[in-house]
């Protein structure tokens, strides 16, 4: 049977842990087996207690204190230490057959866009433990208010997609907070979800320094040429929204294809007697 590893990624405060908790709650409510894996060595609080926790192996506080590293350097060191101790990870997660593992990842963007550690970890899970990985990248919907920030987020998402090389789902999180913003129409929202690169030209060029216009044009061309980044809306507090995202993860990992058909419910003896 299939084993799925969903890596929930994104910048700090994008709602990763909240989404992980919502996904865990929904899957438990529909009877699906899942476990939370915390790979953030600086994490503090969780809605669901992690089944596997990198802090049992190494803590970023210890690294920063003993090696005098900053937060980002400490995080990279923790992941390098994890890669040197994959036997620990194999032992922790190797027994979870036919299960979903939801990986709650740190918020440092360089881990997804610049450093090759995470792709190496994903390949290990694929080859050694036979997991089917999927990346779920969260971008906060409030970025839509500032188009330049939104496209910076799009470029980060695209960089993560290229770096990680696994099925990838991009989410605009905290959509419930966007409902109070009357400056974004439904038509505009659709353009953001489909990442219309022309949103970066026109009005923006009227308010930015002319020396950046050519840069804007090049970014538009890059996004248009790759045509990789689209978004799904996410409200972590909305069960229907979480269910929809889960269906996309299932499709990306081909989870449905490996499910055995269930036997039809049998009539109870009393029901059969009544029919007679």
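Cβ coordinates come from backbone N, Cα and C, glycine included.
Range with Swiss-Prot annotation region 'Disordered', chosen from 237-256, 257-276, is 257-276. Counting only same-chain residues six or more apart in sequence, the Cβ atoms lying under 8 angstroms from the Cβ of residue 13 (GTP binding site) belong to 107, 140. Taking the Cβ of residue 72 (site 'Stabilizes the phosphate intermediate') as reference, residues of its chain lying under 8 Å away and at least six apart in sequence are, in sequence order, 108, 110. Shown in sequence order, 138, 140, 173, 174, 234, 236 are the residues of the chain, 6+ apart in sequence, with a C-beta less than 8 angstroms from the C-beta of residue 15 (GTP binding site). One residue stands out among the binding-site residues 17, 173 for having the most other Cβ atoms within 10 Å of its Cβ: 173.
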